[in-house]
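S.K.: Reproduced below are the annotations present in Swiss-Prot:
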type	residues	note
BINDING	D31, D33, S35, S37, E42	Ca(2+) 1 binding site
BINDING	D100, D102, D104, E111	Ca(2+) 3 binding site
BINDING	D141, D143, D145, K147, E152	Ca(2+) 4 binding site
DOMAIN	18-46	domain 'EF-hand 1'
DOMAIN	50-85	domain 'EF-hand 2'
DOMAIN	87-122	domain 'EF-hand 3'
REGION	131-136	region 'tax-6/calcineurin A binding'
SITE	M118	site 'Interaction with PxVP motif in substrates of catalytic subunit'
SITE	N122	site 'Interaction with PxVP motif in substrates of catalytic subunit'
Amino acid sequence: MGADASLPMEMCSNFDAYELRRLTRRFKKLDVDGSGSLSVEEFMSLPELQQNPLVQRVIDIFDEDGNGEVDFREFIQGISQFSVKGDKNTKLKFAFRIYDMDRDGFISNGELFQVLKMMVGNNLKDSQLQQIVDKTILFHDKDGDGKISFQEFCDVVEHTEVHKKMVLENI
């Protein structure tokens, strides 16, 4: 990648030229088959994601074009959200998108159930998990439409400082 190729990436990410060069090398190392994009298996070799039960959701969000793989641009833009320079709103939007599986701008009862199921596995019975989901929606759905909007989500996590935990230190 020449200087021309990295300039737009600097403008649409939170990384400077040096960080982009490092990330380019890391991407190429992860791209074992040399295809120019990361498969789920290649992506899973990132130590930061190996123990994360939501790794498939992270990959789905990074994969903006929905082709099942993460190309370099998607990788940089995705990782950029976890930069220490990333802003709170961007991090909250990413966290919201983990739950908003169909990308309609809302977290439905079913979506919340699916994501929580990924996190708790079989530690709770489905009926117990459904009760938690129902109560969560009921309590935080301020406009009564049966789903959680981005603003309602932000109201819930506002005081948790979750955005400060959404940082990869050694990218």
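Positions of Cβ are set from backbone N, Cα and C atoms, glycine also.
Show me how these features fit into the structure around them.
M.R.: According to its DSSP assignment, S37 (Ca(2+) 1 binding site) is in a strand. All chains included, 20 other C-beta atoms sit within 10 angstroms of the C-beta of S37 (Ca(2+) 1 binding site).
Remark: D100 (Ca(2+) 3 binding site) has F106, I107, E111 as non-local neighbours, by Cβ distance under 8 Å and separation of at least 6 in sequence.
Same-chain residues at least 6 positions away in sequence with a Cβ under 8 Å from that of K147 (Ca(2+) 4 binding site) are, in sequence order, F106, I107, S108, N109, I137, D141.
Mapped onto DSSP helix, strand and coil, the domain 'EF-hand 2' (50-85) counts 18 helix, 2 strand, 16 coil.
Proximity of distant same-chain residues to the domain 'EF-hand 3' (87-122), defined by a Cβ-Cβ separation under 8 Å and at least 6 residues beyond the stretch ends, is recorded for 53-54, 56-58, 60-61, 81, 129-130, 132-134, 136-137, 145-150, 153-154, 157, 162-163, 166.
Panel annotation: around the region 'tax-6/calcineurin A binding' (131-136), residues 109, 112-113, 116, 124 of the same chain, lying at least six beyond its termini, place a Cβ under 8 Å from a Cβ of the stretch.
Annotation note: M118 (site 'Interaction with PxVP motif in substrates of catalytic subunit') sits in a helical segment as assigned by DSSP. When other Cβ atoms within 10 Å of the Cβ of M118 (site 'Interaction with PxVP motif in substrates of catalytic subunit') are tallied across all protein chains shown, the result is 15.
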S.K.: Express the distance between the Cα positions of D145 (Ca(2+) 4 binding site) and S37 (Ca(2+) 1 binding site) as a whole number of Å.
M.R.: 39
S.K.: Can you give me the residues near the recorded Ca(2+) 3 site, meaning same chain, not D100, D102, D104, E111 themselves, Cβ no more than 8 Å from the center of the site's Cβ atoms?
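M.R.: Once D100, D102, D104, E111 are set aside, the remaining close residues are Y99, M101, R103, G105, F106, I107, S108.
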S.K.: What are the sequence-distant neighbours of D31 (Ca(2+) 1 binding site), meaning same chain, six or more residues apart, C-beta distance under 8 angstroms?
M.R.: S37, L38, E42
S.K.: Ten-angstrom check, please: count other Cβ atoms within 10 Å of the Cβ of E42 (Ca(2+) 1 binding site), all chains counted.
M.R.: 18
S.K.: Going by Cα-Cα distance, pick out whichever of the binding-site residues S35, D143, E152 is nearest to D104 (Ca(2+) 3 binding site).
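M.R.: That would be E152, the closest of S35, D143, E152 to D104 (Ca(2+) 3 binding site).
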S.K.: Have a look at the recorded positions D33, S35, D102, M118, N122 and say which one has the shortest Cα distance to E152 (Ca(2+) 4 binding site).
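M.R.: Checked the recorded positions D33, S35, D102, M118, N122; minimum Cα distance to E152 (Ca(2+) 4 binding site) goes to D102.
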